[in-house]
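Trainee: Dropping the structure in here first, questions after.
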Amino acid sequence: MAAEVVTVGNKTEENIVCYDPTMITTNGVWQGENPLDYSLPLFILQLTLVVVLTRILVFILKPFRQPRVIAEILGGVILGPSVLGRSKKFADTIFPLRSVMVLETMANIGLLYFLFLVGVEMDIAVIRRTGKKAIPIALAGMVVPFLIGISFSFMLHKSSQDTKQGTFILFLGVALSVTAFPVLARILAELKLINTEIGRIAMSAALINDILAWVLLAFAIAFAENENMALASVWVLLSSAAFVFFCVIIVRPLVGWMIRRTPEGEAISEFSICIILTGVMICGFITDAIGTHSIFGAFIFGLVIPNGPLGVTLIERLEDFISGLLLPLFFAISGLKTDINAIDGVGTWAILFLVIVLACAGKIAGTVLVTLYYRIPFYEGITLGLLMNAKGLIEMIVINVGKDQKVLDEKTFAILVMVAVLMTAIIIPIVTLIYKPARKFVSYKRRTVQSTKPDTEFRVLVCIHTPRNVPTIINLLEASCPTKKSPIGIYVLHLVELTGRSSAMLIVHNTRRSGRPALNRTQAQSDHIINAFENFEQHVGCVSVQPLTAISPYSTMHEDICMVAEDKRVAFLIIPFHKQQTVDGGMEVTNPAFRTINQNVLANAPCSVGILVDRGLSGSTRLAANQVSHHVAVLFFGGPDDREALSYGLRMREHPGINLTVMRFLPGEAAIEAMLLTVVTDDDKEKQLDEDYVSEFRARTASDDSVVYIERAVNHGEETVAAIRTIDTSHDLFIVGRGQGTISPLTAGLTDWSECPELGAIGDLLASSDQASAVSVLVVQQYVGMGAGDQLLTPDSPGQQLHDHFNFSYANPRTQMRGQQPQFHSQP
């Protein structure tokens, strides 16, 4: 037998529900039984309905860039009395009163473990690392909405006279002032702000806000449950403080001891995991018994779990099941309790609108005041204030507890649910309109290698997918000749795919102390990459390294890369090719998404781009400048990309260990005749620029024995391949221009078997799997100015069809490159 209190208007009705405790599983429809009369089949149907509806709403709201929590709350509202629940038959069949206890029990178990995971993911050390800005921003963002909540409590409290005004104020204030940390993390990732200064401040402020909200919630629950017993409330607070103290002093060292017992490199034992999961239940029971909510105990227990392999193992094993299956039940319960029809009359809707506007404005005003004090730009302060309005799980917990404790009535509960949904829903659209990161970028001209002055810092952005990319890139950078006169500023960007989990997004904040184990495989890779470049910085002079991490979906990763390139004002961006060399010398695709990233970077980069085909680049293992020896070849056909390739080669030849060969290809007699017979002609201005630059290069290197200049007249692609063959065995690295937009008879026939047209004819040839060679290739595209984005040529594009003018009936020139024995160079 169960009792449920239902408030209708000003009348309170109590429904008594009787049920048979043995009616858990059914004997089946063939026995003439209805499965929905039994608790387990009914619960399975309810859970399926909730999860399916939530997923459909996630899919529908995805184009509007809404966080998942919006879909989960709306799913609950749709199933509740506001929409589908208005049908008495639907409500009595799918969500009868007798099922509420099972549903709420399972929802609270899911909530218990989810709050435990939130505690595990939180890193208190983040607050220390973000300086002094985050704490006052978090406090200001709470105080003003709290004061607004106090003023509104006098309007909304009329129907809750049986509750103390002070308790009501506490619940309303906490509900309006809280910021949802997990929701904010996802919003920042969606807006591409997670790696920015404003993103780091917002995350830290939200973390502080969450912790303060939990403290206030503990107070609120203590007063709500013991409203007539002041002494009991004091005991609740004291015992809660004792529980926190016990967890920090006793539980945390015990968990640390358990972790230390696990041999390095081995997985945490099943027994240890079982102990931890049982501990969540025990802590929930203790805090529930002392008068605080059970979720408070689970959250504190999660908070004291040390960062490391145990935390990551727990997240990986539980997160998908808990947040994907059980947590939507909690929002469904909230929706089932929400009756939008209770918000009746123009006056109540006006109050709802006013609450949203003032609570939003309050957070923004409080945040802006603090940001102005710290001299943060005004529009960034507004953006930060909007981001701090992210609502979600924590607010839903607060108002659900308030309703369970009879502090909030139907109308107030419905108003606060709508406030949570609307305030969170408007964040992304408004921030997208207001915050334009491009405003802070100062325009600059030196976005190419060619235009970088020889007596200034040469800034390079290198993108890394895996540690395998690192050795060749380091040797390439060292060969780029950093000097006191022209040092190299290197920005190392580790590219990590965003998996939609807050644990992945927080890796960027987790700059750990030396000696602590990596949290997961991605963190371990970041550590290897950073360590390698820091070692490079220590052993090679005139180099500064700044490691960064970009965590985003592959589909938009190029935006992060271009944003960092713009922000750091780099002249050259190096990104790995999407294929890697196999043991037998061939090339295999590592990840098809990498190719799309490269194509998007080529089309949108604010500087020159180099795609590095990594076949190893031999060099000194000790990275001493005077021990490196490389043979570099630049293939010059003409055009801005080739001039950029030559300028990079010119920089490298300053290195004492570099031998540079420049092979310039000129049209032979047959090629000149073919050019005269077609409409397509080279631009005279480009020809003149090529001549001038090559003349300047030859003048500067005339007395340099380490530079060899060769001119070859060729008529078509077959002769071009033969010329390249004469030098490919004696070199470590080819530097070639991508040749965007240029069409030449010198490469005729090379594009018929094109595998990667984005590399250009020569780059594609040298990077081809048919090319049995151990020579690395750097394909260069020169930055030609904003708005001049080059359309990538594909075999079917109109630009490609122009090549037909020069495609004579020759056999595949690539086949000439086959048959060579693979040549391997030792890697450092």
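Numbers run from 1 along the shown chain.
Cβ coordinates come from backbone N, Cα and C, glycine included.
Pasting the feature list from TrEMBL:
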DOMAIN    52-431  domain 'Cation/H+ exchanger transmembrane'
DOMAIN    490-625  domain 'Cation/H(+) antiporter central'
DOMAIN    631-785  domain 'Cation/H(+) antiporter C-terminal'
TRANSMEM  40-61  transmembrane segment
TRANSMEM  68-85  transmembrane segment
TRANSMEM  105-127  transmembrane segment
TRANSMEM  134-156  transmembrane segment
TRANSMEM  168-189  transmembrane segment
TRANSMEM  201-224  transmembrane segment
TRANSMEM  230-255  transmembrane segment
TRANSMEM  267-287  transmembrane segment
TRANSMEM  293-314  transmembrane segment
TRANSMEM  321-337  transmembrane segment
TRANSMEM  349-374  transmembrane segment
TRANSMEM  413-435  transmembrane segment
Trainee: Per the 3+ Cβ pairs under 8 Å rule, pairs at least 6 apart in sequence, do the transmembrane segment (413-435) and the transmembrane segment (40-61) touch?
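Mentor: Answer no: the transmembrane segment (413-435) and the transmembrane segment (40-61) share fewer than 3 Cβ pairs below 8 Å.
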Trainee: Six or more residues beyond either end and a Cβ under 8 Å away: which residues meet both conditions relative to the transmembrane segment (201-224)?
Mentor: 122-124, 126-127, 129-130, 133-135, 137-139, 141-142, 163-164, 166-167, 170-171, 173-174, 177-181, 184-185, 188, 193-194, 233, 236-237, 240, 291-293, 296, 299, 384, 387-388, 390, 394, 397-398, 401-402, 405, 407, 506, 509
Trainee: Check for me, if you would, whether the transmembrane segment (293-314) reaches the transmembrane segment (168-189) - at least 3 Cβ pairs under 8 Å, residues 6 or more apart in sequence.
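Mentor: By the criterion, they do not touch.
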Trainee: Calculate the per-residue pLDDT averaged over the domain 'Cation/H(+) antiporter central' (490-625) and state the result as an integer.
Mentor: 75
Trainee: Cβ pairs under 8 Å with the transmembrane segment (321-337): which stretch of 40-61, 230-255, 267-287 has the most?
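Mentor: Stretch with maximum Cβ contacts: 40-61.
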